[in-house]
Amino acid sequence: MAQYRVVLLPGDGIGPEITAVARQLLDVVAQRHGFQLMFEEQPIGGSAIDATGEPLPASTLTACRSADAVLLAAIGSPRFDSLPREKRPETGLLGLRSGLELFANLRPVKIVPALIGASSLKQEVIEGVDLMVVRELTGGIYFGQPKGRIEADGDERGFNTMTYSASEVDRIAKVAFEIAGERNNRLCSVDKANVLDVSQLWRDRVDAMAPRYGEVDVSHMYVDNAAMQLVRDPRQFDVLLTGNLFGDILSDEAAMLTGSIGMLPSASLGSDGPGLFEPVHGSAPDIAGQDKANPMAMVLSAAMMLRIGLKQSSAADDLERAVDAVLASGFRTGDLMSEGCTPLGCQAMGEQLLKAL
């Protein structure tokens, strides 16, 4: 029997509640499909500050590095807003990404038929949307040097540097090509090559890699047009590949096609070692401990972990089908509630998901 070590990071706010739901479901599908998940919980974020004084204890990072996958719930609490920026809960996540050398962020966006009315776009525009945004996570303008603010000639100037090396583009492009090959063999690389030298390099490297993935249809799109096309005709996209800045913006735009951030999972991957899987939503401290949280993004993040991190696609399919079935039956948490549906709390939603398995 295959065995996998999974580090659970419940974190802050609603994190412990949604982690409990995901863990129950993971145990069921693991038993059904003949593998074993060995869970280890570790503190991160505000809970780690309370326990150790640090947002990312060394013991947490060590445990994550030796795991097969890491499943994170949520980080953040206004209780710590008065701390120096480097001591706040959110720096725990940044440190974890750095410590695991994660460079590829994956954001799937799929329209669930039962929730199609939740989108702000017309049904005929978003029906059938199923795309993946692949964002480079560690380079580009957020990390480029030099950067800063200076005063010269009586004027203040701020500056940042947008830079990518060929090797940085190659490794993220490889991830995107492989994902496209596992999906529908369509890859759209998004850049600003009509203006930026760094984007011209990006486009050249993507084109250079394309012959190695001959079955994948490659196209290019300027980022301003891509932002428009995501709203005008999102069905045209399968896999979107882009850099850190453009991906930061486009992934949030794509997320809102669904109408609820409470349904969106994500993954961050490196070249080696475990991936990090987490919901897109935050810690929602205003509803923490009240049994109001929506656990579905956490469950779908667990499904991504099974599919991508542990190569257990059949078990992942079970979790995704359970989510679809529960929603089709009219069960909703408060963030998804609409007329004629049945309201449920976090625990009760978990019970319905278990029944749907």
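Along the chain as shown, the residues are counted starting at 1.
Just so you know, glycine gets a Cβ as well, placed from its N, Cα and C.
The feature substrate binding site is assigned by Swiss-Prot to ARG97, ARG107, ARG135, ASP224. DSSP gives ARG97 (substrate binding site) a helix state. Note on ARG97 (substrate binding site): other Cβ atoms within 10 Å of its Cβ, all shown chains, come to 17.
ASP252 (Mg(2+) binding site) falls within a helical segment according to DSSP. For ASP224, ASP248, ASP252, the entry in Swiss-Prot reads Mg(2+) binding site.
For GLY282, SER283, ALA284, PRO285, ASP286, ILE287, ALA288, GLY289, GLN290, ASP291, LYS292, ALA293, ASN294, the entry in Swiss-Prot reads NAD(+) binding site. A C-beta separation below 8 Å, combined with a sequence spacing of at least six in one chain, links ALA284 (NAD(+) binding site) to GLY13, ILE14, ALA74, ALA293. In the three-state DSSP classification, ALA284 (NAD(+) binding site) falls within coil.
Among the features that Swiss-Prot reports, site 'Important for catalysis' is placed at TYR142 (among others). There are 14 other Cβ atoms within 10 Å of the Cβ belonging to TYR142 (site 'Important for catalysis').
Taken from Swiss-Prot, the feature site 'Important for catalysis' covers LYS192 (among others), and the record attributes it to sequence analysis. Applying an 8 A CB threshold to same-chain residues 6+ apart, the list for LYS192 (site 'Important for catalysis') reads SER199, TYR222, VAL223, ASP224, PHE246.
Taking the Cβ of GLY282 (NAD(+) binding site) as centre and 10 Å as the limit, one finds 16 other Cβ atoms among all the protein chains shown. Working note on the binding-site residues ASP224, ASP248, ASP252, ASP286: by count of other C-beta atoms within 10 Å of each C-beta, ASP248 ranks first. It is ASN294 that, of the binding-site residues GLN290, ASN294, has its Cβ surrounded by the most other Cβ atoms within 10 Å. Checked against ASP286 (NAD(+) binding site), the binding-site residues ARG135, ASP248, ASP252 differ in C-alpha distance, with ASP252 being the nearest.
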